[in-house]
Amino acid sequence: MKSIVLIGFMGAGKTTVSKELSTALNARSVDMDDILVERIGQPISEYFEEHGEASFREHETKLLKEALNEETVIATGGGVILQKENQKVLADKLVVYLKADANVLIKRIREDKVNIRPLAIKNDDGDLKRLFFSREKLYEKLAKITVDTSEKTPAEIVSEILQQVEVIS
Ligand code: S3P
């Protein structure tokens, strides 16, 4: 199995889908944000405050390269597509874009009381929408497969990913 890399904006469902997809494939799943929290030893929002986003992005790039050395299902953080280095690394990988309507994403982000995102704290809904639109083309460009998750259950999304993987393999 080739590694499958899930990309998409915050709230797209990358974590949930990666767990279900890895179960379906009997593969390991790597949640980059979870590992990064362990590595930096504090919540991402605190790390952004104390060390800045650029430092977080360095950890993220290092981890992405490590994660890609193994055959896994990888749930990335929403900003992984920003770094040129990451874009290069992802160019020939099986990248799946979990797409959703901007309003759906913002609703999910605001309702998530467990995962407090630094970019959601400092940005209002209008800013988040602009951030989404500024990244949308990058997600689309890097994706080999795109699944619209707006009105689908994780099981439906997994089954669509598996179907599309078969088509392009
Ligand atoms: C970020 C998304 C977050 C996390 C960090 C930055 C982003 O991950 O990596 O807060 O820049 O979009 P999720 O997409 O899992 O929320």
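Yeah, the Cβs are placed from backbone N, Cα and C, and that goes for glycine too.
Small disclaimer: the values here were computed from a predicted structure and weren't measured.
With Gly11, Ala12, Gly13, Lys14, Thr15, Thr16 listed by TrEMBL as binding ATP, the candidate from Arg57, Arg117 annotated for that site turns out to be Arg117. If you count neighbouring Cβ atoms within 10 Å for each of the binding-site residues Lys14, Arg117, Arg135, the highest count belongs to Lys14.
Note on Arg57 (substrate binding site): other Cβ atoms within 10 Å of its Cβ, all shown chains, come to 17. Taking Asp33, Arg57, Gly78, Arg135 as the binding-site residues under consideration, the smallest Cα distance to Ala12 (ATP binding site) is found for Gly78.
Under 6 Å, Cβ to nearest atom of ligand 1: this is the test, and of the binding-site residues Thr16, Asp33, Arg57, Gly78, Arg117 it is passed by Asp33, Gly78, Arg117. Compute the center of the Cβ atoms of Gly11, Ala12, Gly13, Lys14, Thr15, Thr16, Arg117, which mark the site for ATP; besides them, the chain residues with Cβ within 8 Å of that center are Gly8, Met10, Val17, Ala75, Gly78, Leu98, Arg108. Set side by side, the binding-site residues Gly11, Gly13, Gly78 differ in how many other CB atoms lie within 10 angstroms of their CB, and the most is found at Gly11.
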